[in-house]
């Protein structure tokens, strides 16, 4: 039989100086209160469905829900007895030093590998374009001969069909990778990374198979001529590299290298993911500072100097790596002044004057409106797609359709617009065979040069070409087409970013704006439409993504220019103000569509009178500090909760449907209970506990890793044993009284990255639990110029 | 008599659903437990003195204390009933909108005024130099005639004495402003701003008189030829502007404009101060992104996107303002591409190669060592100064001595080193009469051009001059002299920054390094010593201040160059690594010397087993929810605590020297109690409470504003009344159990900016209180490669 002595000894060893003399030892738990919990749960679910029906009839908007399937990351340390005793060991000093050294080493590796992945993507895109231009088209065009536009319509058709066919093949590869291998790899990846950094466990977002699908997929979709950027996917790739390297193992491959075990928890992984995301931005734009700011602006809530510094290190190493590889690839090995992947060239004329400020403000307003329009239309389109294009084949077909239409429209535009310019008039434009084929000898088509080159190159020529390089009609048609194609492309099942397409659209209308200004004020010299193209590009992108300081830094670093910093900031600021009057940023819209319980920067306004007893969930299942294994198994089987509070006694309450819980003593994660059961850390016949691995307190809460209950193979004998939870639980979880306000709770969650917050009454008795979803469902809305707090329902899907 | 009904009504209106039925109403508080508290306090103080003696005999370092005089800012909102009811009023919606609009408006004003102050300082420095060079020296030199060096020794003496005399006059003005008007205006101001942003109320740091003394003082000390920069003081000025404008009133002048009442609390003010600091950096270096990063790296613990964006806005407006004024001042009105105050020119040759990376790493190592040496020597010097140069006259005399020695050394060096270069060999050097006077006709002295021009200009010529512009001896002597003079100057009683002097020292040895590299590898072409001067400047400054990402951004923005971003980052990173092996940054050393309870970024290592009952103070004085006025007056008179917990009952404990406190119900600030007494919000004869101003919950805790107790003029009759505290207290303060670990407490303080954290036992009974000082006194130290936690004592001075 269980020796009481052992139990008492444990109790007197307890770290809690307020050890309650009344412990629930003697009470044998019946399962009746579990049944009560289940009953209450059912009733609550019925209420939920009812409320949902009300809510649905009431709703003005169609995506006012939060999905229950997203869990929080475990950012908190379980400070249990093992954790505290680990510090007392002499080896802990060495561990501290090792951890600190390994963090830097991992950040170095993240930088190198992110750089390698980015360079790989870039080189893949280069070759796919190379095949298209130098092999496929050259062959076809040489067959057609040097005839003039229109005369060889038949031949043109062949070129076009070959072109579109090649694009479709690449896009099919990208779509198959996304649809059948890693669905999370679709789109830009920035919304997912933003949610992850916000503290939400997005399933599979940082897996190796996601990384591979993303890297190959984006090379194919960009190479396949879609209106898609490779920058967003590079950021996602960086984040996946960060997670992968820091864990020293791969779930996708099932390989465990046994490295960096100390980083195998959500907290450390999230830090490395933020470093990886920064490295991704740094690789994509040659912008290490912009990368760090991106990670901070989009994700981190707590600015930690050490973490920031490591992020910066990763970003820097990643820039170095990309520069090195590309300098080698471009035949200038070792020349590190290379300029990153998205290189927008250097402005020669850097002057601007005070009277141009109102013009920049106007560009900001236009960008804000166009960005808001883009977001509105794309959100509607995504909702439509969610409803009607949900089958795998349907999605694949849509990708092919987009690829075909993109290619077709390009050819159509070139046929329709006659914008031939003499070769050499524009030193920045490269005149290839493809853009000469529709013009007379010695001329090239400006339209074709926009459509048939890398989008980055097109941005560059819009920024730096001499004043008359592009006709007004060309810019109007190109801008509208690119706007619509980007709109359609963002959200189909291929990896595709929105940065470069938005910049390109903006550069087109910005340049148009510059030309108009030049025609309106012919007396003023020195008006460079390239400057306005830059402002327009910033405005369009800012209007779509609504980033501020990080976007400014990225654009400044990518253009290698600081002089235009001030006007760009001004444009981005006005853009954000104007855009925010209409709707939220593209990434935030997509996060809302995915029903992710993201926490914003500030608590909702007008929520002071929403108190903890309204926010919390009452259907909490608690454990005592010493429980029969059978009850634990029953609880694990009957609930899906990921963490359980531990109280000092549980009493049946005759009046309430839920048991009356005693004082809050701690909490334990589902995964920790599993590990305890798996290692059979339960007492019987006075046997002492078998040791647990030292890193038990850093227990992962990863569903994939967790065996099913039946796999544990617990016998009836096992189930009759007692489990002493106290040494393994977190002994002082965050708690608030029942009268705590929502803003206070919000700041706790946001400032500390909480997963669970327990609500206690005045006597420290457990009354409820608050999770991220409970906080996130209160949303601030503005209707008729007044702020309101809406309460979203939590959908079970 | 007091109506019990009223009391009960209040009780049933309480927001707390767990209202305790047993309240301490009937008990009339005797003052005996207060006496007990005083007795315990005395005993604790005796223990403290004893411990201190032990500690002092034990200490290896002489500044291991924290001063008790620094209080925390009130970053938390007192969510009392008034606060909650304010939201229910219809006017609250309008207030919300107004607050949001006014925040932007105030940030705009902060930008404009910070820009104006910075431009004022710059123009003042310009004119003081103008007087010196174009008036004083021209006159004297013309009197001496065009003789050669050495022949007119007597005349040289006249020039030197006049020069030194003029410098001394200016430095005297600066010193008098600091010593007699605003002592806090001395030094760079960055340590003070760092502490303020960390959440510590540094007295008078952001007052108008500090701003005026700082602005005029720094113009005088820089104009007076000290080795001092104007950038640090500009940042401090920006912070003071931020605080001043946002409060809409001035303590120094005693004027209240009645504006922006909604921002009159520590939380809002701190946000505006961070915006002001960012604007200060932006004005000083033309670096808005660097400014925002500076504010974040040095101060903010919580990255809030909205706040960051407003900081960015202020920084941008401030840059604009400075550019506009200076473009006008320099005769190119409206030409906004002006380059900020610290303009280091543009590098023509931007290439660097992979084999140069090890050289940059080496520069980083040298910078780290030199910076650590600088910090060590300056810290020792400051300790010496604190002990032996503490009188006002002594400090004034030291300032004059530094001014005289600086001037004398400059002349001495010019006499000693013969480094005459033909005029025109160095296009960046301006050859004025003063630097031609020691050389032959058609030549100028390179040494004189370093000493006798703006330090910013000297940095510029070290960066951009052709390879042979400065002799090796010149650079060595100049570097050593400047290093030592800067060391001496930083810490004397004048406003003086360390940025530009450190950059200049670093540029000197960096250029020297470049020349050595060029001589070692004569076969390699394209080695530009200017590039190494830039790296050296970054390394020296990084070694002294140990900033990373913000410094990188500042240097990149100030040099208007992004290509060298990567090497600069590398240099700064190595510098910080190397420097941190020896000691901490200059600002942190000075903060430690001032015994300020600053909280670092991470909790101390090896502190998991330090629990709340060791961290907390037990001599806590609590109130009941309803107290006699006489007891409150007694408490306010006998303690200096700035906040008091409120409990549901206080019982004399026969065994303990302290009373036994009941359940924690809330807390109230000293200033709130004062305001309640001042407004006579106490009940007698059933009279209802008179209304309080709406903003009562945003009560300031400002000692200057607070009247003394006797000024309140409370009669004996008043003191017999009862004060109902409950509606005015914060009803759900942060609380932790007794077994909470220090890292957990640390993260609460750091993440949420707490001022008070209450420690409760298992029944939610109050057992102690933790303040910032109690957390900050645990410091991580490394001895013999092992981490230890030291416990500093709290000095009462």
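Placed from the backbone N, Cα and C atoms, the Cβ positions cover glycine too.
TrEMBL labels come from automatic prediction, so no person has curated them.
Cross-referencing B:240-262, B:424-446, B:447-469, B:470-492 with TrEMBL places the feature transmembrane segment at B:470-492. For the transmembrane segment (B:470-492), the residues of the chain that approach it from at least six positions outside its boundaries are 175, 186-188, 226-228, 370, 374, 377-378, 381-382, 385, 395, 398-399, 402, 405-406, 409, 413, 416-417, 419, 446-447, 450-451, 462, 498, 501-502, 504-505, 508-509, 511-512, 515, 586, 590, judged by C-beta separation under 8 angstroms. The recorded stretches the transmembrane segment (B:272-296) and the transmembrane segment (B:394-417) do not share 3+ CB pairs below 8 A when only pairs 6 or more apart in sequence are counted, and are therefore not in contact. Residue counts for the domain 'CBS' (B:616-684) under DSSP, helix first, then strand, then coil, are 19 helix, 23 strand, 27 coil. Using a cut-off of 8 Å between Cβ atoms, the transmembrane segment (B:104-127) and the transmembrane segment (B:394-417) share fewer than three residue pairs, counting only pairs 6 or more apart in sequence.
Mapped onto DSSP helix, strand and coil, the domain 'CBS' (B:729-791) counts 16 helix, 29 strand, 18 coil. Long-range contacts of the transmembrane segment (B:160-184) within its own chain (CB-CB distance under 8 A, at least 6 residues past either end) are made by residues 128, 131-132, 136-137, 140, 192, 202-205, 207, 209-210, 212-214, 216-218, 220-221, 223-226, 392, 395-396, 399-400, 402-404, 406-408, 411, 492-495.
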